Ligand SMILES: [Zn+2]
């Protein structure tokens, strides 16, 4: 058989030319697309910088439609939706990313994390929890656990919070001893208040003391539980322990220490603990408790209230001034009530406690801030003394 070489000579250039044309066409098409995609992208970026988020989103959607494989653009769009509170759209973007089989593992983890944030911001806490749990074993794991921890705390799910805090502690993500003690104290408070189960409450509080020996709350709460059951001696002993373990918290229990001390005939012990603390750190609550102790031991109020003056010499204090004034007789007796009320009104806001983390102010003392949910963020001192 003879080959017809002329076909071959003619065919090769034709195939070559067709291939070249096809490649030119593809390249041109690609160039047009590439030129259009960045254009839409830059347009979006420009809008974003001008804080025109609506227009930015339109431009990004256009860019994403032209090139559905642009992962970064999807992330940007998803974050933008979330920040604007359009959670449903944010979820759709991130779920779309997750549905892509070609997505690299690192982007898949990132999308899963973004999805968890969407649910969290949307307040869909069950779905957020589920999404966060899926981040186990990824580079977002510790972050996810910290978020889970705050979720469980918000839901007051103390056993779950305990499990997560223990895992975080094992991974050296911080010191969780005090937090774990707080969880036990919370469970103790519920056992006592809701179920009247003093025994369980006190066992939980003893566990909390073992968990964080230098924490003030378990000892104060245990003393309160013992006193509520009529065991003043044990309550007093737990309050006295504060001097060695958490002396900064003594102002919080100063007047309780005097009350129980007086009841037990141990006023002098209470007084000496308070005097020692006052010498290191003069606080108006301790000054006040020492005045109460003097009165309890038989000193007249008129004489005992000199304690307020001694305190004011050291630390100018409107709170102490108001208390001292209440027993002062005026030359113009008719003025007493008005002056007293004015000083008390001025002193009242100064007698509050304030969260050091967020500035939330409260009449009472909180172990966890109702404003920012931080633990131990209230210094045990009145605003006037901060
Ligand atoms: Zn706060």
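The count begins at 1 with the first shown residue.
Cβ atoms are placed via backbone N, Cα and C, with glycine included.
The model shown is predicted, which means the values in this text are computed figures rather than measured ones.
Residue ranges 6-25, 26-45 are listed, and TrEMBL annotates 6-25 among them as transmembrane segment. Taking all protein chains in view, 20 other C-beta atoms sit within 10 angstroms of the C-beta of residue 355 (Fe cation binding site).
Each of 356, 357, 359, 360, 370, 371, 373, 374, 377 belongs to the same chain as 355, 358, 369, 372, is absent from that list, and has a C-beta within 8 angstroms of the C-beta centroid marking the Fe cation site. When the binding-site residues 358, 369 are compared by the number of other C-beta atoms lying within 10 angstroms of their own C-beta, 358 comes out lowest.
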